[in-house]
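Student: Got a structure for you, questions after.
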Amino acid sequence: NSSRTSSAASDLHGEDMIVTPFAQVLASLRTVRSNVAALAHGAGSATRQALLGTPPQSSQQAAPAEESGLQLAQETLEELDWCLEQLETLQTRRSVGEMASNKFKRMLNRELTHLSETSRSGNQVSEYISQTFLDQQAEVELPAPPTEDHPWPMAQITGLRKSCHTSLPTAAIPRFGVQTDQEEQLAKELEDTNKWGLDVFKVAELSGNRPLTAVIFRVLQERDLLKTFQIPADTLLRYLLTLEGHYHSNVAYHNSIHAADVVQSAHVLLGTPALEAVFTDLEVLAAIFACAIHDVDHPGVSNQFLINTNSELALMYNDSSVLENHHLAVGFKLLQGENCDIFQNLSTKQKLSLRRMVIDMVLATDMSKHMSLLADLKTMVETKKVTSLGVLLLDNYSDRIQVLQSLVHCADLSNPAKPLPLYRQWTERIMAEFFQQGDRERESGLDISPMCDKHTASVEKSQVGFIDYIAHPLWETWADLVHPDAQELLDTLEDNREWYQSRVPCSPPHAIGPDRFKFELTLEETEEEEEEDERH
């Protein structure tokens, strides 16, 4: 069936390429219906006229066999129409999404196995992607709890430290919420707030290292959300400065610059034409707030590191999305500070709705959930295609939050789709953070996590692998959802991939054409694998 089988030479962006199981079922049923109609069409003039909606001129002239065939054809078509109607209106998020997720994981595992066999560095990239994005952890031998000079007390896990900001303006609110003697330069930089590729590093430099405060202050004003939700400017400013103070400036990547970048990226994605007027003001506010708090109080190590070292956080959150749960707890806890409740004028219903959405969005930033999120998004995109809805119709919470979760996840993984100078800075920062974790693991006698060993990691190869297996499939699917709005981002991503590929030591000649990206969501599983899955 053409809906289920794809040629290796097929175009990566082919319109008719359908790979998620649920969308394949719909396409297959449509083909069956079309075939039945065509077969019945040839049964005779009476059948043909009936199928076309016009009665035969003389039903008495029809032979009994033809009458029987006509009745069977009509009943079959009615059954198929009913099935299609049911399937098209089915909420596909859960079990159907799981089907696609499991399929994608099997496909990616095959690709990663091949990659790991190519070289030692290839094996490390493969292990990193598998452990980080596939929710698969190797068996580890847990050490005794390490002795630390300053172990985290339970009190700190639940939230507030003493106020970290040195001063709060009591009179006039600064134009961008931050005290700076470079306000004009900052204003010029923030003119790009609505554009993809804002130099958030420059914003950090010009705002006294308060990029998160400056960016959110600007974004909320740009969207007129302070007025919509009656958020007092002084309350917003106090909360933002407190929130930003709970990001660790000594953490190379997961600091307030990253948070500001994710907020601004999400702001741009929310403004894409395909999503115009799709989301309510409350949903937009929830998305911006989720991005703002999504990495607050990040210690610069991974969830698995916290689990392996028996940390208090892992204990509190039962090893499940440890950091993401902590970011949420801190972000909401800070609202309880003096004059920090930016949601004070929302109704109880609005507060509960916003909280639910923020929790769902931040928990979805756990990278181990990536494949499930991608599978859900891909299924949604393909289902919309095969049901010919044409426009993005999100008429239930499950669909709406799914797109918002994907949007925040895309913003969180937007570095490779940014202009190369920005992408390179982010790469340097994430590798510095990884290597710092690796050093801690080495000192503690732990196995060093993939990509965290500064002596063996290949930075360039890791970025090519990250784009091929994670970023490109995600951004390609997002681009399908908002087509054609994100084509420029996809082009940038592919150009950046080529730049890093050209710098891989002893790299082979560039692959061209459809094989350029090693992992494509168009791979077909063999019958043997399908049978093996059924046995398990």
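Placement of Cβ uses the backbone N, Cα and C atoms for every residue, glycine included.
Straight from Swiss-Prot, here's the annotation block:
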type	residues	note
ACT_SITE	His254	active site, proton donor
BINDING	His254, His258, Asp295, Asp412, Gln463, Phe466	AMP binding site
BINDING	His258, His294, Asp295, Asp412	Zn(2+) 1 binding site
BINDING	Asp295	Mn(2+) binding site
BINDING	Asp295	Mg(2+) binding site
BINDING	Asp295	Zn(2+) 2 binding site
MOD_RES	Ser507	phosphoserine
REGION	49-69	region 'Disordered'
Student: What's the CA to CA span in angstrom from Asp412 (AMP binding site) over to His254 (active site, proton donor)?
Tutor: 11
Student: Any idea which of the binding-site residues Asp295, Asp412 has the thinnest Cβ neighbourhood at 10 Å?
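Tutor: Minimum Cβ neighbour count within 10 Å, taken over the binding-site residues Asp295, Asp412, occurs at Asp412.
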Student: Asp295 (AMP binding site) to the residue listed as 'active site, proton donor': how many Å between their Cα atoms?
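Tutor: Checking the Cα atoms of Asp295 (AMP binding site) and the residue listed as 'active site, proton donor' gives a distance of 7 Å.
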Student: If one measures from the C-alpha of Gln463 (AMP binding site) to the C-alpha of His254 (active site, proton donor), what distance in angstrom results, rounded to a whole number?
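Tutor: Their Cα atoms are separated by 18 Å.
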Student: Once the chains shown are all counted, how many other Cβ atoms turn up within 10 Å of the Cβ of His254 (active site, proton donor)?
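Tutor: The answer is 23.
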Student: So, three-state DSSP: helix, strand or coil for His254 (active site, proton donor)?
Tutor: coil
Student: Which of the three DSSP states, helix, strand or coil, fits Asp295 (AMP binding site)?
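Tutor: For Asp295 (AMP binding site) - judged by DSSP and reduced to three states - the answer is coil.
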Student: In sequence order, which residues at least six apart in the same chain have a CB under 8 Å from the CB of Phe466 (AMP binding site)?
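Tutor: Listed in sequence order: Val125, Ile129, Pro416.
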Student: Could you name the residues, excluding His258, His294, Asp295, Asp412, of the same chain that surround the Zn(2+) 1 site, i.e. Cβ within 8 Å of the Cβ centre of those residues, in sequence order?
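Tutor: Near the Zn(2+) 1 site, the remaining chain residues are His254, Ala259, Val262, Cys291, His298, Thr365.
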Student: Going by a 10 angstroms cut-off between Cβ atoms, which of the binding-site residues His258, His294 has the sparsest surroundings?
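Tutor: Comparing Cβ neighbour counts within 10 Å for the binding-site residues His258, His294 gives His258.
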Student: Rounded to an integer, what is the Cα-Cα distance in Å between the residue listed as 'active site, proton donor' and His294 (Zn(2+) 1 binding site)?
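Tutor: On Cα coordinates alone, these residues lie 10 Å apart.
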Student: Express in Å, rounded to the nearest integer, the largest CA to CA distance found among the AMP-binding residues His254, His258, Asp295, Asp412, Gln463, Phe466 named in the record.
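Tutor: Site span for AMP, by Cα atoms: 22 Å.
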Student: Work out how many Å separate His258 (AMP binding site) and His294 (Zn(2+) 1 binding site) at their Cα atoms, rounded off.
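Tutor: Spelling it out, the Cα of His258 (AMP binding site) and the Cα of His294 (Zn(2+) 1 binding site) are 10 Å apart.
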